[in-house]
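> Take a look at what TrEMBL says about it:
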- 1-406: domain 'Amino acid transporter transmembrane' (DOMAIN)
- 66-90: transmembrane segment (TRANSMEM)
- 102-123: transmembrane segment (TRANSMEM)
- 129-153: transmembrane segment (TRANSMEM)
- 223-242: transmembrane segment (TRANSMEM)
- 262-283: transmembrane segment (TRANSMEM)
- 347-365: transmembrane segment (TRANSMEM)
- 386-406: transmembrane segment (TRANSMEM)
Amino acid sequence: MAQLGWVAGSITLFLFAAVTYYTSALLADCYRSDDAVTGKRNYTYMEAVQSYLGSRQVWFCGLCQYVNLVGTAIGYTITASISAAALYKADCFHKNGHSADCGVYTTMYMAVFGISQIVFSQLPNLHEIAWLSILAAVMSFSYSAIGVGLALAQTISGPTGKTTMGGTEIGVDVTNSAQKIWLTLQALGNIAFAYSYSMVLIEIQDTVKAPPAENKTMRRANLLGVSTTTAFYMLCGCLGYAAFGNAAPGNMLTGFGFYEPFWLIDFANICIVVHLIGAYQLYCQPIYAAVESWAAARWPGSDFVVRQYRPFAGGNFSVSMFKLVWRTAFVAVSTVLAILMPFFNAILGLLGALAFWPLTVYFPVEMYKRQSKVERFSKKWVVLQSLSFTCFAVTVAVTVASVQGITQSLNNYVPFKTKL
């Protein structure tokens, strides 16, 4: 909001919400091949693409989906470590005053988050971790509500920052027009990332029971999810911008626009960490499942791959040695990459750009056209192609801007020495 301003910021949020809901509804209809109600099930996003678009596009889909899922794991590790480090900083500022040097390195917090994910990564598949998803959702509501409440209190009591219709001003908040353009495009990437869930939509839909038809249930879930998150995004964005103006921090719960009540800020950051522990597993389950299915098909007679062990007598929990080693290695590598690339907003912008067009727009539109047999150059075909092309142009621009932001951050970067 600070980069885009009141007008463009609000409009952009609603546009991304509308596009995401529409294309997610199209994607939900493609869970079953040929017919949305009675057709053959597609258990993963890649299976749906294979069914509708053929083998040639599956490779592109797999590259986009799994690169983005890995990137999301890295982004969540960075975000969780920042919130964990903010716990120390909030207590430090409370004890020593707001001008105290309370800087803290985030590497240790990333390592601890990674260790926790090694444990949670041994959980079963998406069908068995509904409780973790519910817990993550409760945490998300909690810290969002706290952020909104604190921003509202700051707006009412003051002091507040300067706001404008067009966001940050050249020569005041940013040095030149080029920087304004880069930051504006990165802001679009951050908004795109905030709506990026299409990459796991088919996998989630596969856990839905029928009747009613899965696509009908998923349409209602999409509407509820997108409308609820958009309401919170508008509240956080608008009230945060009203409170801090063009100097708004990238994360108002860790950027210390607020110092008191420190215990409430601590609780909000604990909620963020717990939420991201659950979200990390939700987004990584498709990666785990893909590799483990491939390994089982490649080495069906290997005890290392297929034999299941029950570490707890009488329990239902089981694990294979391959699952233990592979998932531990994945979490370890993603944690190391997070430590090497701790650029919060730029990384989120890049992830949002990479996922938005191919996974949120292109594949749902193309599969829907095949399923519904949309005639070439018909009115609906032109509208869908125009939507896809526009989103592609936005993705390219945001990707370039995010890479520029990461490159700029690297100029002053010392590995393993990132300080919050």
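Including glycine, each Cβ sits where the backbone N, Cα and C put it.
The model shown is predicted, which means the values in this text are computed figures rather than measured ones.
Are these features on the surface or tucked inside, and what are their neighbours?
Through the fold, the transmembrane segment (102-123) approaches residues 77-78, 80-82, 84-85, 88-89, 92-93, 96, 129, 132, 273, 276-277, 280-281, 284, 288, 319, 323-324, 327-328, 330-332, 334-335, 338-339, 342, 416-420 of its own chain, all at least 6 residues removed from its boundaries and within a Cβ separation under 8 Å.
With a threshold of 8 Å between CB atoms, the same-chain residues lying at least 6 positions outside the transmembrane segment (223-242) that come near it are 1-2, 6, 9-10, 13-14, 17, 20-21, 24, 144, 147-148, 151-152, 155, 160, 163, 191, 194-195, 197, 248, 252, 257.
Within the chain carrying the transmembrane segment (262-283), a Cβ under 8 angstroms from the stretch's Cβ atoms is held by residues 69, 72-73, 76-77, 79-80, 83-84, 86-87, 90-91, 93-94, 113, 116-117, 120-121, 123, 126, 129, 132-133, 135-137, 139-140, 142-143, 146-147, 150, 199-200, 253-254, all 6 or more beyond its ends.
Sequence-distant contacts of the transmembrane segment (347-365) (same chain, six or more residues past either end, CB-CB distance under 8 Å): 19-20, 23-24, 26-27, 30, 45, 48-49, 53, 57, 60-61, 64-65, 67-68, 71-72, 74-75, 78-79, 185-196, 198-199, 341, 384-385, 387-388, 391-392, 394-395, 398-399, 401-403, 405-406.
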> With Cβ-Cβ distances below 8 Å as the criterion, list the same-chain residues six or more beyond the ends of the transmembrane segment (386-406) that contact it, or say none.
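Long-range Cβ neighbours of the transmembrane segment (386-406): 19, 181-186, 188-189, 192, 341, 343, 345-347, 349-350, 352-354, 356-358, 360-362, 365.
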